[in-house]
Amino acid sequence: MKNASKVLYPGRWKGLVIFIVLIALLPIVVTTQYVFTLLILLGIYSIITIGLSLLIGYAGQISIGHAAFYGIGAYMSAVLTTKFNMSAWLAIILGMMTTFLIAYFVGVRVLKLKGHILALATIAINIIVYTILNGWTEMTGGALGLGGIPKLNFLGIDLGNQVNFYYFVWIIVTLVIIFSGNLIRSNVGRILRSIHDSETGIEALGIQVSKYKVLIFAISATYASLAGSLYAHYIQFISPSTFNVPFSILLLVMVMVGGVHSIWGAMIGTVAITFLNEGIRYISHNYLHVSGEVEIIVYGFVIVVMMIFMPNGIVSLFDRFQKRNKEHESDSGLDLKPVDVKGGA
């Protein structure tokens, strides 16, 4: 187990094993296509929110524009496969590389800003990308969207099959978790946490802060691009409305609700908000007969409540539970230490 713990980053491999077992067993319980679709979307959204957790929780840089990078990945895959008959896998890789470069060069300029100015700048990026997707009708199909996107096939495995695609997406999520966990515990991760705590202090040590901020921004954007490509090949149809600012806000809410300082928190928030979102839509349309973006109002309320009562997110409840368990074991005499029996009676 020592070797496993090194690969899966110290102190967390047990949780990852439980997570893998849960994901593997879920298809035995789930039988409806609707729930399967939700579980697949949860996996896709989790890839983005893990990236946002790295950016916001560990590097302290906010983004309310990650739907833009999600859209770039989706449209790169869609356009290259439908218009140029390119291999889907090559299209996904090119989409990720393109997104990394765009985010890197944008980040060099944008990440000089701080606080609410940075937040506004990332919203502006989202608006620009959304406008291009809407206006470049020859390539993107404009507001009408782009269809005919091929399903994926991996080593002869038909990923058009919903169960196969479910496992494929969650394998990708698992790899993203492992990579992100090791990144956090690397020298880069330690520097990012230091930047979050005191950017001025790190600069005083002669470390080039901007380089690390831009790098993590580009990595988180690449995660979003990968998620966008997976979404496009699963749904087989995309339109600009999927990649607008409200979706960026939704992603931010997921991370904040789950716990911005934790990869697991980001995933917990993704699950909580996705099911809350579906519940709101069902109730508002079927019982309240309310149209429009009711979800946005609820998200605002949820954020206010969370910031007051659980500022560290849902994941903080698990941390408190673990802490109390350890204290209880210590108080109960379970925290045993060797007794020195020298000297006798």
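Just so you know, glycine gets a Cβ as well, placed from its N, Cα and C.
These come from TrEMBL:
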TRANSMEM  12-30  transmembrane segment
TRANSMEM  36-56  transmembrane segment
TRANSMEM  63-80  transmembrane segment
TRANSMEM  86-105  transmembrane segment
TRANSMEM  117-136  transmembrane segment
TRANSMEM  165-184  transmembrane segment
TRANSMEM  214-235  transmembrane segment
TRANSMEM  247-276  transmembrane segment
TRANSMEM  296-318  transmembrane segment
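Taking pairs at least six residues apart, the transmembrane segment (117-136) and the transmembrane segment (36-56) share fewer than three Cβ pairs below 8 Å and do not count as touching.
Residues of the same chain lying 6 or more positions beyond the ends of the transmembrane segment (63-80) and with a Cβ under 8 Å from any Cβ of it are 48, 51-52, 55-56, 86, 88, 90-92, 94-96, 98-99, 102-103, 119, 121-126, 128-130, 133, 139-140, 146, 149, 217, 220-222, 224-229, 231-233, 238, 240, 242-245, 247-249, 251-252. Packing against the transmembrane segment (36-56) from elsewhere in the chain are residues 26-27, 30, 62-63, 66, 70, 162-163, 165-166, 169-170, 172-173, 176-177, 180, 183-184, 192, 216-217, 219-224, 226-227, 230-231, 234, 251-252, 254-255, 258, 260-263, 265-267, 269-271, 274-275, 278: each is 6 or more residues past its ends and has a CB under 8 Å from a CB in it.
At the 8 Å Cβ cutoff, the transmembrane segment (165-184) and the transmembrane segment (86-105) share fewer than 3 close pairs (sequence separation 6 or more) and do not count as touching. Remote same-chain residues near the transmembrane segment (247-276) are listed as 15, 38, 41-42, 45-46, 48-50, 52-54, 56-58, 62-68, 70, 122-123, 126, 177, 180-181, 184, 295-296, 298-299, 302-303, 306-307, 312-316 (criterion: CB distance under 8 Å, separation of at least six residues from the stretch ends). When Cβ-Cβ distances below 8 Å are used as the criterion, the transmembrane segment (214-235) is approached by residues 40-41, 44-45, 47-48, 50-52, 54-55, 58-59, 61, 63, 66-67, 69-78, 88, 91-92, 95-96, 98-104, 107-108, 110-111, 149-152, 159, 165, 169, 172, 176, 183, 188, 192, 242-243 of the same chain, each at least six residues removed from its ends.
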